[in-house]
Every structure is written in C-alpha cells, then in structure tokens.
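Right, one structure below, let's go through it.
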Amino acid sequence: MDLSAINPLVLIASLMVAATPILLAAIGELVVEKAGVLNLGVEGMMITGAICGFAIAVETGSPALGFIASMIGAALLSLIFGFLTQVLMSNQVATGLALTLFGLGLSALLGQGYVGIKPPATHDINFGFLTEIPVIGPILFTHDIIVYASLALIAATWAVLKFTRVGLILRAVGENHDAAHALGYKVVRIRILAIMFGGACAGLGGAYLSLVRVPQWTEGMTAGAGWIALALVVFASWKPLRVLVGAYLFGGITVLQLNLQAAGVAIPVEYLSMSPYLITILVLVIMSSDRSRAALNAPASLGRVFHASS
Amino acid sequence: MTSLLTLEGLTKAYPGVVANDDVSFEIAPGEVHALLGENGAGKSTLVKMIYGLVKPDKGKMTLNGAVFEPAEPRAARAAGVAMVFQHFSLFDALSVAENIALGMENPPKMGDLAARIREVSETYGLPLDPDKVVGDLSAGERQRVEIIRCLLQDPRLLIMDEPTSVLTPQEVEILFKTLRQLSAEGTAILYISHKLEEIRSLCDGATVLRLGKVVGRCNPREKSASELAEMMVGSALTPPSRASTDFGEVVLEVSNLSIPSPNPFGTSLKDVSLTLRAGEILGIGGVAGNGQDELLAALSGEALAPRGAVTLHGNDISQMGPTPRRHIAVLAAPEERLGHAAAPDMSLIENAFLTGADREDLHKNGFVKWPAARAFAEKIIEGFDVRTPGPHNAARSLSGGNLQKFVIGREVLQRPEVLVVNQPTWGVDASAAAAIRQSIIDLAQNGTAVIVISQDLDELMEISDNFAALNEGRLSRPRPAQGLSIEEIGLMMGGAHDMEVAHVEA
C-alpha cells in the first residue's frame, strides 16, 4: 500500500472532471423542480445525450458539435416528457420513470455501431502562463471548456433565480401554479421551457461522460449518475451552491476511492465503489436534516398536476 | 352619470351548466357596486370574465366607452382593472415584495418597490413589511398584500371577491374605511359578497344573481337584510331553532394543550383548555390560520397530544389515533371536503365505509360488508337530502353543498358522543347550510357534545351555546354566546391585528 502515490493536486483537478456530469444534470433538474415539475427521467436524458454527442462528434470529428447535438437530443427527449405531463397531464413520476427506461433503450439502439470507437479529443483551454502558478495553476487552469461552463451555469442559475424577474416567475409557478395562473402567467409554457432546459443540461452532462470523462461509448454507461443528480437536488434543498458542493463531494470521493483502489488499500473494492454514493447522500441528509427549513425551500407545487380550469 | 364599466348580455356556459346567462349591469366611477348571490350563482365566473381569466361566449363589455375584451389578466390590468382574490393568489414561500412584483406589469427594482410598498401602506393604513415571507403572515395581512398589489397600479376598477371572510370585525371596519376612501378618490369598486349587512353599509348599488341570471337590482341601503336575502335565495328562510339548553355532565376536557404544527406555515397550539358538557354546542371562531386545523387534528386524533391533555369522561385519550377515538364515539369532520373529509375519486359507499367501518359494523375479519356499507351510504343520502344519482357516484361528482351534507350526515348518523366539525357550511348554499345547522342542533339536543369551528360569526351566534375564539393558536376563555356583542367577539379574535385607519383625507 502506497498512499504517497496520491497527488492531492491531481486529485482535486480530476475530481472537478469527475463531478461535472452530475453537476450539469443536477442544475438542470433543479430548475425543472423549481418550476414545480418532478422529472425522474434524468438518467434517460443523460444517456441519450451521451450517445447523441458521441455519435455526432465521431461523425463530424468535432467535439463541440457533439456537445451541441447532445443538448438538442436530450432536450427533444425531455419534450416528450413535457408534452405528456403538461399537455396530456399524465402522472409525472410514472412518465419520468418511463422516460429513463426509454432513454436507456433508445441509446443502446443508437449506439450499436459506436462501441469500441475512440471519440475526437476535447482539448483543455490553454491559459498560458497561468497554468504555471503553483497549486492554483494545475487545479484551476487545466480544464476543458465544459468544466468552466458548468461552473458558470451554477452561478448563472443562482443569480437568475435570486435576482431576476424570470427567476421570480419560475419560482412562483413552482410555488403555487393556481395563483400564477390567476395572475396571468403561462404555467404550462414556462414549465415546458424549464423541462427542456433540464433536458439540455442532462444531455450535456451525459456527453461529457462519453466524450471526456471515459471517453468511449458503452451501453448504460451513466451507471446511475442521473439518479445521484436527482437525489442531489433534493438533499441540496434546491439551492444551486449546495448542488455544487454535493457534486464535487461526490466527484472527490469517486476519484479518491479509485486512487485508493490503485494504491491497494486493504478495504474490499465493493465498499470503496459504493462509498461515493453513500457518503454524498449521508452528508447531504445531514445538511438538510432541519426538516422544517428544508420544506420552506421545496417548491410547494412540485409534482402536482396543473389544471388550467380551476 | 357616465358609466365606467358596462356589461351587456354576458353569457358563459360550461358543459352542463350556464354559469352566466345574459348578465348586464353598469358601474359608475367611484361607485361601490355589490354583486350579491349565493355560492354557485355565477359571481366568480362573471368577475373572471372582467379580469380576463375566462372568455365570455356572448355579450359585450365596455370600459370608459371603449370595447373591452381582455384576452388575459395582463390586458385587464393594463386597462386599469385590478382584483383581490378570495384565495389562491399568493405565494407562501416568497416575500411580500416578490408577491407584489409578480402582480405588476412593469415592477420597479426591488429596492424602489419596497419603498413604494411602505409608502402606499402608510397612506392607506395597511402596515406591511415588504421583506416578510407571506407564509408567516396572518390572513388579514395577506389580504393587505393583495390590496396593496392592486393599489400600486392605480386601478380604475377594483374587484374584491369575498374580502371579509378572513377578517375580524375590527379589520373589516378598517378595510371599509380604505375602500370608502378609494371610492372618494374616484376608483370604482365591484364588491362580491353574500354578507348582507356589509353590503348595506358599504355599497351604493347592488346586482343580485341567482343561478347565473340577474334577478334584481337595488340600492342596498334602502332594503332590509331579509329583503336582500330573499332576493338572493328566492324564498324566505327559516332560521334553525332550538328547544332547550340543558347540559349534562362534562364529557370532554382539554387542559393546557400545546402542540407544534406539522406544517412550516401552520400555527402551533398554545396552552389550549376547554371543557365540553353533554348537549352543549361550543362555537370556536377566529380568523383562518390561527390554529383551527391543528385543533381539529388534536381532537380527532390525527395529531397525538401530550399525555393527559385530552380526556373523555376522565379517561386519557390523548395518545389514541383517529380509529380508536372513533371506536369510543369521538368523531370529527374536517374542513377540506375533497381530500380530507372525503376521498374525491372513491364512491360514496366507499367513503361511508372509511369512517363508519367500525361504529356501523361494516366489516368482519378484515372483509368489507358491501351490502351493509351500501345501506349506510343510502341512509345518509336519504336522511340528509344529498342530491346524487346514487351511492356509486364518486365524491368528486357532488356539488360542495351536497358533499358537505354527506360528510356531516355520515358523522351524525354514527351516534357520536363528541363531534368536532370545522367549517360545516363553508361554500354551501343557504338552504343546505340551514339544514346542516339544524342537524347539528338536533344532535346536541340528543345529548351529544359538539364543537363547531367556523369563520362565519353569524353561524356561530346562531347555533352555539358558548363561544370562544382562536387567535395565534391560543383559545380565549369560552363565554355564553347569548348577549355577546360583535365588538367583544372581535376583541376575542385578536382585534385589529395592529392595523390603522387610513391617513389621507378623503
């Protein structure tokens, strides 16, 4: 066992990469839930994004086009969910679960010809001399654009929800859709837009897995990341900054346990593999343990079907 | 006098009902016009058309001489129409300022808005802190939020839908001062209510609706309350009567009951004590959200009380859940009909079974005795004049009044020793309400101890022997209902909750 082989700087840098997929999926789902919709199809949207992005990137040779395609693909998939739940008023939980199963199946079908192929590389942004700064350089300035985009997205979501009228209307729709309707806001339209935003984010997260983090295509490669993203949103009490903390915690432990496995620590591999899930949930449960305060933040109309007639 | 708003021949039909049939009337600037009618008379549909929430099938509206066809509330607001809703239009988790911003077309920056809210609330004597979360406010304060939201847009027509149902008498007085001042400034007010005395003291003109049609117009100041009631109901009403008031021994005793509310925006009960004798009707008044739901839960067994807090004939029942309490004849009918008192999508037979299973012997060895359950449901339907095609119909398909008769009848027929009802006649038309009140009185006559929780003070004065009020989770000392003045009741309910009278000279 040789723990000295673990370099903390590399560890932190790689945890950011490891956390990015669930961070993206979670921030998208946060917006969806803030609008009062519970979309359990995150996993399905992620994996659909993963294969859409992978296929387009391989065919065109451009990862950028791949990322865009992943967002479009997953957003289209989420639109099915939006149509079923918002227009046809189907049950959100059942529809979300169906969406996950559908997405897993669809991605396996689309990915038939892409198993074992290497995608075009996504390059890190060149910050020049900034990379040379000790400690901060390797941690902050050695990443690709999606990592920075995900951080910017967290900050933007936080600011939009807190300071802008759009954010206020979104929260209002999630808080009390009857009241929002009575004041003349288009509840269904706002929710469908939120659902598509959530889909695009989840798809981007999925493509980050298949194009950067792994990088190759295998069936079912998201391996529950979508579910972790869902849990993250709830236990982060619907707060963007806590989502960031939770996602990086999850990413950190994932990377750490891989390093520990490599270092040959005398803990069975199974325990190490489950540790990221276990510890992330545990920490977030403790963080949100004050139930009455967590309930204050929960969108009151979450998961409820909206009838415009009442 | 030129009119501000003119309605001509407005008609709106829903599948199966004509909500409004050829309704016409007009409102002059500065006029306070009452729209009077029972529940289901079509008042709400009418104002929703004016506010752009519902499109009329036929008819014409004119505002200030121009054709007025608001496609959505936004258009109505832009034209100077503002509305204070009865419920459903505030967001609990958002702050006062955020709530107000949501109701405005072009809200100023949050800082400026807060200043304007303070300014307007000063002017009209409606103190309000813009940073407070709405969920923490009392019902009266919530209404101030709605009113200020309207006032900030300088409306020419202000629609108020049942504004006083959540206020103490003192708060009503202050609201009326504000409204009179607005009307003196030239704002027309369309005032919807079924409270006749209020309309007589406030309004200049009235249009009476019954079953969607205009059945009368009058100057309410020239009519007596009973004349107005007759126009509204279409027939004279017989108030419930009561033969004697002999109380038996103490049945239910609650001592120093304190329970935290399970709901983050609920009200915790604080040190509630009461005694209830056989044959007594205790009326509990108070503005909504002052602990009514929590008190009902504590008495029905939905919320368990600390040991020794609730006793029946001296035996501690605090730790019993609803089913054991039903077994010993402590029954309850909660306020929310759909979803709490009855399961909306289940049939009346199933709903009858759900609370009557034990006392009416409707099950055996874990199997439901369907014929017996059906017979029980039919007994309720017959005994309480529930209008429904049959007991197989879903609870949801009944009108509010009919379902309420069913819910109350279901408990009354189970021979309760103690019955607790919350808002027994909320949203129920006058004749059904009279029938429900009479059945409660009859029940007490036969020796049942009854607690009636209600926000309708007239109802409480009519049927209760003793009266107490809930205010912020505290129960006032019960006093004999006979001879209580409306001012005393108002003070028991917490007075004016620090409201002030408008400062501007009219």
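Just so you know, glycine gets a Cβ as well, placed from its N, Cα and C.
Since we're looking at a predicted model, the values are computed, not measured.
The transmembrane segment feature in TrEMBL is assigned to A:6-25, A:37-58, A:64-84, A:96-115, A:135-161, A:192-211, A:217-236, A:243-260, A:266-287.
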Intrachain residues whose Cβ lies under 8 Å of the transmembrane segment (A:266-287), provided they are six or more past its termini: 1, 224, 228, 231-232, 235-237, 242, 246, 249-251, 253-254, 257, 260
The transmembrane segment (A:135-161) in contact with the transmembrane segment (A:217-236), cutoff 8 A, at least 3 CB pairs, sep 6+: no
Dominant neighbour of the transmembrane segment (A:192-211) in A:6-25, A:37-58, A:96-115, A:217-236, A:243-260, by Cβ pairs under 8 Å: A:37-58
Contact ranking winner - A:6-25, A:37-58, A:64-84, A:96-115, A:217-236 against the transmembrane segment (A:243-260), Cβ under 8 Å: A:6-25
Stretch with greatest number of CB pairs under 8 Å, the transmembrane segment (A:37-58) reference, A:6-25, A:64-84, A:96-115, A:217-236 candidates: A:96-115
Cβ-Cβ under 8 Å with the transmembrane segment (A:96-115): same-chain residues at least 6 beyond its ends: 38-48, 50-52, 54-55, 58, 77-78, 80-81, 217-220, 226
Non-local residues, at least 6 beyond the ends, that sit with Cβ under 8 Å of the transmembrane segment (A:64-84): 39, 41, 44-46, 48-58, 90, 95-96, 99, 102-103, 106, 119-120, 146, 191-192, 195-204, 206-208, 211
